[in-house]
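Everything below concerns the one structure shown next.
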Amino acid sequence: MARGGRGRHLGLALGLLLALLLAPPALRAKPTVRKERVVRPDSDLGERPAEDNQSFQYDHEAFLGKEDSKTFDQLTSEESKERLGKIVDRIDSDGDGFVTTEELKTWIKRVQKRYIYDNVAKVWKDYDRDKDDKISWEEYKQATYGYYLGNPTEFQDTSDHHTFKKMLPRDERRFKAADLDSDQTATREEFTAFLHPEEFEHMKEIVVLETLEDIDKNGDGFVDQDEYIADMFSHEESGPEPDWVLSEREQFNEFRDLNKDGKLDKDEIRHWILPEDYDHAQAEARHLVYESDKNKDEKLTKEEILDNWNMFVGSQATNYGEDLTKNHDEL
């Protein structure tokens, strides 16, 4: 995908974030220089910069993160190509020997969905303490905040105290939004909506509200340009702003602030972070076809895919290569 146009995953499990906050300072992740919230529509494909390992990594990490993007390193190039060839046969659903953009999009959506549900399955047992195949709000609260709630004096004079105090009611609000039958327990589907709200239509207002609360530092209910930039960029040194920051200021004025009042309201934030006219899987599929289609017939042969194997084993089409390390029957 085009460099500089990717967003961080909005459905980060809050329990993992809080686990980091409980860790000793030396083990906590440091703030990044630049943060992004939105998957942005691609620029014209013909205007993309040449692909390299760095741009592959940037594109791939935006959706699934660094850990999964490294899995294909477990295989030699020959092994990767062999297993990728078997996956191509699965993607080619009509068996005509070609992979179309539509077939790739369908496969990518399947991979995305499987990743989300696999992610929930991995953490389920940590929260379902009574093993009744449901997670109550009380179970989640104790698993995530239990130490803090049981030892409040340890956090009284730390920044973590304010973090927990803020996150606990926010988590509860999100849990209630995901709990469609309002029984204070979450089924697997409801818990999936809790951990990955951006994937569920009824949770998108929560995503918008949490984004506003994160960025709106002066508490006026809007995001002004400085708050918008501060969320992406930490100006740790004196001197001029980088060119990309100046570009983002222009983006704010021209494309984010739709009513030109100098700030973003909830509707404008939603338009920014959850663009309705953007299909992530479609964009990734178009990208893969464009970069690999040597004869420009707008479809791919297995040979064309294998010739560009390095892009595919690190793309969403193979879950960043994770599919290549699994038994083929699992797919």
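Cβ from N, Cα, C; glycine included.
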Among ranges 32-52, 74-94, whichever one TrEMBL labels region 'Disordered': 32-52
Rounded mean pLDDT for the residues that make up the domain 'EF-hand' (166-201): 96
